[in-house]
Amino acid sequence: MLTPLLGYLALLGVCILGSLSVNSMLGQWVCLEVNMLCIIPVLVYSMTEDSILTGVKYFISQSAASLMFVLGLFLSMKMSVAMIFMTLSIFFKLGLPPMQSWLTSMLPSMSWMSMWLIFTVQKIIPLTILSFLKLNPFVFGLTLFGGLFFILGSLSQVSSLFMLMFLSSVANGMWALSVVGVSGNWGMFMGAYSLLLLSVMMSFSALKISSVGSFANVGLSAGLMLSLQFLNLGGLPPLLGFLIKLMMMKQLVSVSFLVLSALILSSLGVLFVYVSVTHQSYCFNSALKISNGGQWVSMLSYFTLAVSGLGIWFLI
């Protein structure tokens with residue numbers, strides 16, 4: 001998978017630079033489409049039936065969102081309608097509620113690396129475009145509170161780690177979306193979130209776990225590592241995940257207390273699931289075996305401690 005991944009990252013760098021330097025929305029759309037096309041070889045690299053179907057689903061859904069964006073460009077004479085169409089198309093590409101169904105149907109057949117790219121790197125250009133658009137308050141409110149209700153309604157139905165990571169993506173996507181409308185610090189937030197999510201998904205891949213139930217079968221050292229990663233990703237003080245959200249809260253509190261309350265509730269909901277999964281692992285794993293997962297678990301443990309310690313270091 002290394003060759004298509006390197007090609008994808010090279011094209012992505014060109015697209016991001018183009019998106020930052022182009023002033024016209026048509027140029028932004030071109031960067032958006034190239035960004036969409038260059039990840040498809042990564043999705044279908046294994047050439048299995050599931051991976052090919054995932055690539056087709058991704059292409060069709062993203063093409064529909066692109067069509068909506070182009071329609072918004074043609075409606076530029078009516079700015080309010082055009083902004084609504086373009087904003088909705090970007091929300092569709094980001095996989096935010098109420099337009100998340102296309103992404104949830106793809107999750108079981110995706111690899112952890114592909115999922116990480118979709119949840120983080122693929123959101124850079126859409127968020128860059130949103131920073132140039134004036135967010136419609138109605139569309140923003142629909143997505144924000146739709147995401148909150150989606151997260152709260154899914155808390156009791158999380159049975160796979162794919163869905164758990166998707167809930168985390170929705171919650172953190174709402175944070176990034178809110179910060180885009182306030183300041184230009186969304187890049188710092190997405191960078192920290194990408195690093196935290198990468199450590200979690202690398203652990204899932206190394207331990208070969210995909211369901212909440214399988215989390216209970218890992219050993220003590222791996223379980224402690226995953227617990228720390230979950231709490232960090234959920235934003236528990238004084239870890240890095242909490243610090244970055246605290247910085248965003250300082251910017252949002254003077255803008256809208258209602259928006260900030262919705263974001264905090266969504267984060268608390270996801271954190272509740274993280275704590276529940278962690279508690280379940282120790283309840284069922286009564287033997288608390290010391291894991292001998294080998295070199296990968298040891299390396300990931302050091303990586304987790306380093307990432308987690310960043311939050312404490314910044315606070316000091």
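Easy rule for this one: first residue shown is 1, then count along the chain.
Even glycines carry a Cβ here, placed using N, Cα and C.
Per TrEMBL, the features are:
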TRANSMEM  6-22  transmembrane segment
TRANSMEM  29-47  transmembrane segment
TRANSMEM  67-92  transmembrane segment
TRANSMEM  113-132  transmembrane segment
TRANSMEM  138-155  transmembrane segment
TRANSMEM  162-180  transmembrane segment
TRANSMEM  186-207  transmembrane segment
TRANSMEM  252-275  transmembrane segment
TRANSMEM  296-315  transmembrane segment
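Packing against the transmembrane segment (113-132) from elsewhere in the chain are residues 1, 5, 8, 12, 15-16, 19-20, 25, 28, 31-32, 35, 39, 42-43, 54, 86-87, 90, 93-95, 103, 107, 162, 165-166, 169, 173, 176-177, 180, 184, 186, 190, 193-194, 197-198, 201, 205: each is 6 or more residues past its ends and has a CB under 8 Å from a CB in it.
The stretches the transmembrane segment (138-155) and the transmembrane segment (252-275) meet in space: the count of Cβ pairs below 8 angstroms, excluding pairs fewer than 6 apart in sequence, reaches at least three.
Contacts between the transmembrane segment (162-180) and the transmembrane segment (6-22): absent, as fewer than 3 C-beta pairs lie under 8 angstroms at sequence separation of six or more.
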